[in-house]
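Notes follow once the structure below has been shown.
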Amino acid sequence: MLAKSPLKIVLCSPRGFCAGVVRAIDTVERALALYGAPVYVRHEIVHNKYVVDSLRAKGAIFVEELEEIPDTKAPVVFSAHGVPKSVPEHALSRNFFSIDATCPLVTKVHREAAIHFKRGREILLIGHSHHPEVVGTLGQLPAGAVTLIETAADAEAYQPKDPNNLAFVTQTTLSIDDTAGIVTVLRERFPNISGPHKEDICYATTNRQAAVKKVAPVVDAMIVVGAPNSSNSQRLREVAEREGCKVAVLVQRASDLDWSQFEGIKVLGLTAGASAPEVIVEEIMGAFAERFDLSVETVSAAEENEFFPVPRVLRPDAAE
């Protein structure tokens, strides 16, 4: 039997679930425990197939729009990404028992946008079109009240009605560096533009990207556990590439690994997006352990202790 080649795995810390994702998953599981199946969920509760399939097996039914739900007294949960105002209004018109699992840090962005609108400012939203979080934020205000800025070129081209009456907010899962570049353009062009008191890009996005920045330059390849439609996971892969990692791949499960990409490597970086469970990280490490003689090191960029309680209606004291 041939001896296994040595491989050092460098685990990024923090990685995986953030407080908003834990809250969203707990919301669906608590609703199932309290009210029984089915529990309807508009859109994937978080962007991870393993999580969605696990909840589906417990009795959650996932839909893209409320029109797909029959008249029911079952709970209807809104995903962590947030929804346009029209969605809860529609739910109310059908007498649905709706539960909002929007991440509190996304809700913070919604509130910021509403305050700017109330003050009569033109609002710019830095984000990626069609992402459900962006759709939800745009949908907090009347059509045309918010302009989407996706790139520094968009920021350069934007022509406001009043350059002294502008504000910006951002999607919570963006690239720190890309967003900083866009904000720099906006502040140079419009020195009086109002921004968030605290960065809209969330702590989890920031910390996970910081960990990848520390690890990517010292590894031969980087694996990011996450779904293709997960914005924060895709950003982690991009950060690894920018930091000089020649092989940076996004995978959902160990079965997705293309082993030809890892031939001859000596050091592998491993992280997970904010919606990816640790069990998949362990699964991937197990797959590498079958082929390599592993040693493991953890590199930390931050400590996390954030916690968001589930919506009030699901808390034990709700009936008191």
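Residue 1 is the first one shown; counting continues down the chain.
Using the three backbone atoms N, Cα and C, a Cβ is placed for every residue, glycine included.
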CYS103, CYS202 bind [4Fe-4S] cluster in Swiss-Prot, but which of CYS12, CYS18 does that record place at the same site?
-> CYS18
Cβ-Cβ neighbours of CYS103 ([4Fe-4S] cluster binding site) (radius 10 Å) | 26
Starting from the Cβ centroid of HIS47, HIS81, HIS131, THR172, SER230, SER231, ASN232, SER275, which together make up the recorded (2E)-4-hydroxy-3-methylbut-2-enyl diphosphate site, report each further residue of the same chain whose Cβ lies within 8 Å of that point, ordered by sequence.
-> VAL46, PRO132, GLU133, THR173, ASN229, SER233, GLY273, ALA274
How many whole Å apart are the CA atoms of HIS47 ((2E)-4-hydroxy-3-methylbut-2-enyl diphosphate binding site) and CYS18 ([4Fe-4S] cluster binding site)?
-> 13
Around the [4Fe-4S] cluster site recorded as CYS18, CYS103, CYS202, what other same-chain residues have a C-beta within 8 angstroms of the site's C-beta center?
-> ALA19, GLY20, VAL21, ALA80, PRO104, LEU105, VAL106, THR172, THR173, TYR203, ALA204, THR205, ALA274
What subset of the recorded positions CYS18, GLU133, CYS202 lies within 10 angstroms of THR172 ((2E)-4-hydroxy-3-methylbut-2-enyl diphosphate binding site), using C-alpha positions?
-> GLU133, CYS202
According to DSSP, does HIS47 ((2E)-4-hydroxy-3-methylbut-2-enyl diphosphate binding site) fall in a helix, a strand, or coil?
-> coil
How far is it from SER275 ((2E)-4-hydroxy-3-methylbut-2-enyl diphosphate binding site) to CYS18 ([4Fe-4S] cluster binding site), counting Cα to Cα, in Å?
-> 7
